[in-house]
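What TrEMBL says about this one:
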DOMAIN    7-92  domain 'Pyrroline-5-carboxylate reductase catalytic N-terminal'
BINDING   LEU8, GLY9, TYR10, GLY11, ARG12, MET13, ALA63, VAL64, LYS65, PRO66  NADP(+) binding site
DOMAIN    156-261  domain 'Pyrroline-5-carboxylate reductase dimerisation'
Amino acid sequence: MSLTALFLGYGRMGASLGEAWIEADLVQRIDAVDPHRAQDVKARVYRSAAELPDTIYDLVIVAVKPAMAREALAAVSIARLRNASIISVMAGVSIATLEQALPIACPVVRSMPNTPVMVHQGCVGLFGGISVTSPLRDKISQLYNAVGKSYWVETEEQLHAITALSGSGPAYYHLFSEALADAGERLGLPSELAKQLAAQTALGAATLQCGDGANFSSLRQEVTSPNGTTHAAIEVFEKDSALRCLVTEAVVKAHQRSIELSQG
Ligand SMILES: NC(=O)c1ccc[n+]([C@@H]2O[C@H](COP(=O)([O-])OP(=O)(O)OC[C@H]3O[C@@H](n4cnc5c(N)ncnc54)[C@H](OP(=O)(O)O)[C@@H]3O)[C@@H](O)[C@H]2O)c1
């Protein structure tokens, strides 16, 4: 695709996406506005929008913190936006808010990526306003599929659930790995070995879960012989559905928080 893209904000998330798209040859050129980013990337970084060349961009990716969205968009001139589609990666900033902040009408897509996009194993929830055409959806899916898997949802509200599940989800798995490694250390393993075992086990289990037709419950049962070691552990997790209740409570809290944050 011979696209020219402008990134507003080229921090952790912006640069993870932009650099991957350049490497995959999905964009021809990226200009990025970011006041403090070093020139250590393939994109051309400008300190402010006033320094941008006279380019008419195909895509404008808004990857600043939500509080900076209006300021970042207001700084870009109408001329540079006149052919652009907008992709936001910001949590909790609605399509309506973005449309109001834009100086001209542009198609707007919201995306909710997660940190594994940095290793091209992310998952991304996508929602587009009514002006988003089918070819544009395909183009955006192609971009996000370069850093993992992308999934369009039917309502903007569903992005709150995506935020609570996969947006925040990597932190849940990291916490479980911390707990598992700590438990291994308590059983006498060296700390580094316990960490490596926890991480490699997470990678192996996730790879099995992503297999064609995988069923999480069957995968678990395959490891769980009656009265064996796994069975002893699973009984603890499943007593009064303890783990499931905790996970549900935590994800519901994240969902509520996502809604609160979006209301300012
Ligand atoms: N990281 C994640 O897991 C994740 C997941 C999903 C969505 N997101 C979303 O991605 C967005 C960016 O997050 P991040 O983790 O990449 O943050 P980040 O690393 O802080 O990147 C944001 C960058 O934007 C720069 N910036 C600030 N004001 C600007 C302006 N007016 N114009 C242009 N650039 C400006 C910041 O510079 P300074 O540091 O100098 O202010 C910073 O380099 C957030 O809205 C977040 O909701 C992040």
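Every residue, even glycine, has its Cβ placed from backbone N, Cα and C.
Annotations in TrEMBL come from automatic prediction, not curation.
Quick caveat, the model's predicted, so the values are computed rather than measured.
On the structure: features taken from TrEMBL.
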{"residue": "LEU8", "record": "NADP(+) binding site", "Cβ neighbours (10 Å)": "24"}
{"residue": "TYR10", "record": "NADP(+) binding site", "Cβ neighbours (10 Å)": "28"}
{"residue": "ARG12", "record": "NADP(+) binding site", "Cβ neighbours (10 Å)": "12"}
{"residue": "ALA63", "record": "NADP(+) binding site", "Cβ neighbours (10 Å)": "27"}
{"residue": "LYS65", "record": "NADP(+) binding site", "Cβ neighbours (10 Å)": "12"}
Notebook entry, point to check: What three-state class does DSSP give ARG12 (NADP(+) binding site)?
Noted result: helix
Check: What three-state secondary structure does DSSP assign to LYS65 (NADP(+) binding site)?
Finding: coil
Check: When DSSP states are grouped into helix, strand and coil, how many residues of the domain 'Pyrroline-5-carboxylate reductase dimerisation' (156-261) land in each?
Finding: 88 helix, 0 strand, 18 coil
Next item on the list: Averaged across the domain 'Pyrroline-5-carboxylate reductase dimerisation' (156-261), what pLDDT does the model get? Just tell me the whole number, please.
Entry: 97
Check: What does DSSP give as the helix, strand and coil breakdown of the domain 'Pyrroline-5-carboxylate reductase catalytic N-terminal' (7-92)?
Finding: 28 helix, 18 strand, 40 coil
